[in-house]
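A.B. asks: The following block contains the structure, expressed as structure tokens.
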Amino acid sequence: WFIVSKVSLSVDHPDTKHEFTESLIEEEEGVNDHNVVKKCADIQNAISEGATSFLFTEYQYVGIFMIAFAVLIFVFLGSVNGFSTSYQQCTYDTTKMCKPALFTAVFSTVSFILGAITSVISGFLGMKIATYANARTTLEARKGVGKANIPEDDPRNPAVIADNVGDNVGDIAGMGSDLFGSYAESSCAALVVASISSFGNNHDFTSMMYPLLISSVGILVCLITTLFATDFFEVKTVKEIEPSLKNQLIISTVLMTIGIALISWIALPYSFTIFNFGVQKDVKNWQLFLCVGVGLWAGLIIGFVTEYYTSNAYSDNAGGIAEMAGMSHRIRERTDALDAAGNTTAAIGKGFAIGSAALVSLALFGAFVSRAEITTVDVLTPKVFIGLIVGAMLPYWFSAMTMKSVGKAALSMVEEVRRQFNTIPGLMEGTAKPDYATCVKISTDASIKEMIPPGALVMLTPLIVGIFFGVETLSGVLAGSLVSGVQIAISASNTGGAWDNAKKYIEAGASEHARSLGPKGSDPHKAAVIGDTVGDPLKDTSGPSLNILIKLMAVESLVFAPFFATHGGLLFKIF
């Protein structure tokens, strides 16, 4: 943050004392041109204000939901034993006494509120960091570090700021919240398993904290890994940017493996037990290390495989700002190199997100089965089989709703852009300024309105199934949505990425084959544009949002498992 903040966006106090004198390529003429700096500052302010406005509007609705759902958690969990304040026998060790139902309800409600607030803060901070760095990255690139028939990032396009806002709130705040959710939920699932193992029965606090100790080591590893790119192996040329980022992933995985081995040896006893379908299973500490290590390396492999199929090595935010600010073609080439590296790591991040969502959901499913006291999940029983069918259908329904929502918002945006070109004199000639705020408002209002139906589908399904059909049917729903959702998420990311790349492949004209398909406006290009129109919401909306579907349904079921086990299955009880 300190290094980035040294790149000034103030035209009154240009950064003439920049300490970094070693440029990747020679310094551009007019590097301190106040007009260009002012344009970058204006663009960043517009993007930052739009992104902040979007999140604040969204968080108002999230706040209402937080209060309503907190009340629901308290009522449902407190009613398991009639809001009892008396201690009761523990489910997994009848010789011990556990906290009253009222205590469980209070602590679960407080935990939910804290988790929601933390998730909101993580998304907001990630977005602010991104918008803070975008224009500064573009300016620093000038020093070498680091139907209207107009280009996509042309400042005359009224929707161009909304596009950049969408990139930030989607790829940063949205993906950040998604990965934060995976991190928090995987920790919760592991802690639940630990609490019903010999660690919990014997109150072995250090061993119970094993999941959080691993996460803490991960923070240290991230800080150390950063030094490899900034100090140990400093990037000298444009071609080194992307390999440097990929090497960081590999280095962090190797260091993390060593850290996990040390934590497993220090924090865990050599032998312990884990609750497994009604019995305590003997486990060795090296076996737990092996499980965590396999998950760690599997995440890396999934990320690289996803990057291979979906990486979009073309320009994005920094390049867009460079074009809007009217910078030279040479600067655009540098920002394109940064953007290409960023898009590659974004593709890897999406792979991580899908893989982590699948593994987290599986862990949460195991915790739910244990907490709901289900001894077996038999797919041959009608209750479970019905749940499997319904659960497998949900990701398709959810994806269709999100795709339709994106289409509606996009159509409204196109109509607004057309209106501005027809009604604002001088807009096409570049002498008048577009109304960026209206386009941002359209996307904000549409996102808030359209998120309610798919959100309700995810939140209400476990409640309805658990209350009326019971925990056996709910276990089938969770299993079906997990298997189906992961496959659709992978397919959406790969297919959408391929369609997006096809359009930009033709537009870039980097090869003889690409030039033979172009130029813009040719039949192959028109077909690729149509594919990109479908591919973008596939890879950026439906695919990533499916991660949230399978995780959220699983964690919600886990939270309400005691209530469903005690009062659920009303239809079967009545009939």
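The backbone N, Cα and C atoms fix where each Cβ goes, and this holds for glycine too.
In TrEMBL, annotation is done automatically, which means it is predicted and not curated.
Dumping what TrEMBL says about this protein:
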TRANSMEM  59-80  transmembrane segment
TRANSMEM  101-125  transmembrane segment
TRANSMEM  208-229  transmembrane segment
TRANSMEM  249-266  transmembrane segment
TRANSMEM  286-305  transmembrane segment
TRANSMEM  352-372  transmembrane segment
TRANSMEM  384-403  transmembrane segment
TRANSMEM  451-471  transmembrane segment
TRANSMEM  548-572  transmembrane segment
A.B. asks: Sequence gap of 6 or more, Cβ distance under 8 Å, 3 or more pairs: do the transmembrane segment (384-403) and the transmembrane segment (548-572) meet that?
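C.D. replies: In contact, yes.
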A.B. asks: I need to check the long-range neighbours of the transmembrane segment (352-372): which residues 6 or more away from its ends have a CB within less than 8 Å of a CB in the stretch?
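C.D. replies: Distant contacts of the transmembrane segment (352-372): 175, 178-179, 182, 185-186, 188-190, 192-193, 196, 275, 277, 295, 298-299, 302-303, 306, 471, 475, 478-479, 482, 485-486, 489-490, 493, 543-544, 546-548, 550-551, 554-555, 557-558, 561-562, 564-565.
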A.B. asks: Rank 208-229, 249-266, 286-305, 548-572 by Cβ pairs under 8 Å to the transmembrane segment (101-125) and hand me the top one.
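C.D. replies: Of the candidates 208-229, 249-266, 286-305, 548-572, 548-572 scores highest.
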A.B. asks: Could you name the stretch, out of 208-229, 249-266, 451-471, with the greatest number of CB pairs under 8 A to the transmembrane segment (286-305)?
C.D. replies: 249-266
